[in-house]
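Notes to accompany the following structure.
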Amino acid sequence: MSAAAAIASPIPAAIAVVQQQRRGRSRGGGSGAAAVRCSAVAPTSAIAPILADLRLRCAAPLPVLRRVADAMASGMRAGLADDGAGELKMIPSHVYSLPTGNETGLFYALDLGGTNFRVLRVQLGGKDKRIIDTEFEQVSIPREIMHGITEDLFDFIASGLSRFVATEGDKFHLPQGRKRELGFTFSFPVNQTSIDSGILIKWTKGFAVSGTAGKDVVACLNAAMERQGLDMRVSALVNDTVGTLAGARYWDDDVMVAVILGTGTNACYIQRTEAIPKLQHLKLETGNTIINTEWGAFSDGLPLTEFDREMDDESINPGEQIFEKTISGMYLGEIVRRVLVKMAEVSDLFGHSFPKKLAEPFVLRTPHLCAMQQDTSDNLGEVESILSDVIGVSQASLLARRVTVEVSDCIIRRGGRLAGAGIVGILEKMENDSRGHIFGRRTVVAMDGGLYEKYPQYRRYMKEAVAELLGPERSNRIAIEHTKDGSGIGAALLAAANSKYAAAQISTR
């Protein structure tokens, strides 16, 4: 039996069979033995109502998806009207020129968004040759730097960038008289004031660098590059989602939306500037820009369980990033763990003693869920191994393995379907603005992130939700396509599109 077949099996019926077998065995012993066995059996049935309630609350049927999609579109409009008017920040990227394929020359990118930073260079050859060559290098950031001071962090980054530039070979050519230009992917909350400047709001993702909040991160990097003697200009500051959109659109003009589904999640899309009320005071020329939705903060209408609420209450940011906590890879395994904790507390699903490792927050991770759902063996041997290695359950029963897989599927199904509803909300908002510009033609949603790439069930549930909400005619015009590691290349391409040496600025669409 495959894992899919296992989760299709009626778990309550399986519980009843196990109970009947145990009752049959208990009849052969004395009354004392029978009493002990029956008392151990009774709690096992307690998982059935927990599982039934979980199925119901995580089903995310079409009416729930419709409510979420409509609320997403409404939240987008509120965020575009006024800062602070809704949950969605709707941050203008100030990108008014996207790469077209005409760009030529040598450009660099720096991607900072976690415990490593990545530097890369790309040689562009215009429409005919496109990307001629690329090279990249990844550098691990020591913990003391992540918890140090601003100057030390940016000096460390500039030093790594300087060493990388020094290895520039003959296949990369900087035109005479030009300064090297850099696209800076900075995946932390910033108040972006122009294409090449942004004020850090706060550090996240384990960084606690003092003295940076409230400062322009591009100015910090420029100062560090000067201290290193590195003659380079930052021509574009972007977040990873914006970089992904730019990288995908370089190859396909129909890309209008980019979504990252990995450890965290975010989405951005192309927006007409005249439909952004909060920017009207800037008197921008009619055209397009990219809006960073910061959709992880969305929460309106989400079908939450007691396990979601408990996890949120105990998080470092209670009441915040609810959509992210419901659909992203950081949290899906933890939600499943909390369900299993409750089941273990009220039953002997994992044996007569509570598995101590199961009490550790985040011990069960989303890759574990993925591995268990790919188990196609009759006895779910991979599931048994994970339960043993990760939460310390030795020789988990087949029932325990099946229940674990079904709980995982419930949470993954809800996450994927809600992500799909979010995508539809963005597309429908864009359609309402453009009157036929989205669903009247081919439109591409560029996807990146390990959760989307590596978890087939999640990916399938997401696409099913999009198809259900849009219907066959409209959904057939929407292409959801994977673009791997697009943010780094995208930053270099945005540096090229916004180069001070560009002969002309070309609008996004």
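Indices start at 1 and increase along the chain as displayed.
Keep in mind that glycine also has a Cβ here, set from the backbone N, Cα and C atoms.
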According to Swiss-Prot, Gly114, Thr115, Asn116, Gly450 bind ADP; identify which of Thr263, Thr265, Thr273 is listed for that same site.
Thr263
Given Swiss-Prot lists Thr204, Lys205, Asn239, Asp240, Asn266, Glu294 for D-glucose, the same-site residue among Glu181, Glu310, Glu314, Glu324:
Glu324
Subset of binding-site residues (Gly114, Asn116, Gly450) lying within 10 A of Thr204 (D-glucose binding site), CA to CA, in sequence order:
Gly114
Under 8 Å Cβ to Cβ from Asn239 (D-glucose binding site), same chain, six or more residues apart: give me those in sequence order, or none if nothing qualifies.
Ser93, Thr185, Phe186, Ser187, Val190, Asn266, Cys268, Asn292
Among the binding-site residues Thr115, Asn116, Gly450, which ones place their C-alpha within 10 angstroms of the C-alpha of Lys205 (D-glucose binding site)?
Thr115
Write down the Cα-Cα distance for Thr263 (ADP binding site) and Asp240 (D-glucose binding site), rounded and given in Å.
13
Could you tell me which of these binding-site residues, Thr115, Asn116, Thr204, has the greatest number of Cβ atoms within 10 Å of its own Cβ?
Thr204
Within the region 'Hexokinase small subdomain' (100-238), residues counted as helix, strand or coil by DSSP:
36 helix, 55 strand, 48 coil
Using Cα coordinates, what distance in whole Å links Gly450 (ADP binding site) and Glu294 (D-glucose binding site)?
18
